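Per Swiss-Prot, these features apply:
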SITE      Arg16  site 'Transition state stabilizer'
SITE      Lys23  site 'Transition state stabilizer'
SITE      Arg160  site 'Positions MEP for the nucleophilic attack'
SITE      Lys216  site 'Positions MEP for the nucleophilic attack'
Amino acid sequence: MERVWVVIPAGGRGQRFGAAQAKQYVLLRDRPVIAHTLAAFLGEPRIAGIQLVLPGEDIATGAWRELLGPMPAPLLPPVVGGGLRADSVRLGLEALLRQGAVPSDWVLVHDAARPCLRREDLLRLLESLANAPQGALLAVPVADTLKRGEDGCSSGTVDREGLWRALTPQAFPLGALLAALEAARAGNRQITDEASAMEAQGWRPRLIPGHGDNIKVTLSDDLMLAAAILAARSEEG
């Protein structure tokens, strides 16, 4: 099987979070959010390398190293991200090619602000790749009733049949994902996740059921929820 790499884009500042520092560096149970994010991948023997993509000033000042400490294998030296998430992912993929990855290798892209990824979900995604030539992503079926809003009022109910919430990691062949992101950039298309870039190229990635507690820390309230999730797991042993 081709090697598996990980790209963790953390080039943004998370303006919606409202903290003075980037949300990936905010402390969660006495460790930065991004340290919890990395922990899900460390120790997995199928992962050849983990590529962090960070703001340029964080790399220049070494702020990331002060927060994360020594780089455990297989964490690679970070690279500077771009203005948009898709740009940061693209730059991370290019860095992996310079590190010895090849286009046929698999790459998992995971949000830096998702610190609650379960190891069992990661393993399920990795195991799915043998039968997912067009890629795969963790997702959960939509359970809530969905409303369409107009001028602050509900104007209708959206049929949730067949709807899923996309999570990360999302896994694709490195070369194909890089080409899809470059095509989206050339066409000035909005890319919300890696699957959307691949879907625009006609790909149909597999939806791998994950857990809803793989939340993204976007608002300050999310940090309290993430802390509760991690605390509950710690108590479970």
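Any Cβ shown, glycine's included, is placed from N, Cα and C.
Mapped onto this structure are the features recorded in Swiss-Prot.
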{"residue": "Lys23", "record": "site 'Transition state stabilizer'", "DSSP class": "helix"}
{"residue": "Arg160", "record": "site 'Positions MEP for the nucleophilic attack'", "DSSP class": "coil"}
{"residue": "Lys216", "record": "site 'Positions MEP for the nucleophilic attack'", "DSSP class": "coil"}
All-chain count of other Cβ atoms within 10 Å of Lys23 (site 'Transition state stabilizer'): 27
Neighbour tally for Arg160 (site 'Positions MEP for the nucleophilic attack'), based on other Cβ positions within 10 Å of its Cβ: 13
Distance [Cα-Cα, Å, rounded] between Lys23 (site 'Transition state stabilizer') and Lys216 (site 'Positions MEP for the nucleophilic attack'): 10
Packing count at Lys216 (site 'Positions MEP for the nucleophilic attack') (other Cβ atoms within 10 Å of its Cβ): 16
Alpha-carbon spacing, Lys216 (site 'Positions MEP for the nucleophilic attack') to Arg160 (site 'Positions MEP for the nucleophilic attack'), which is rounded to whole Å: 21
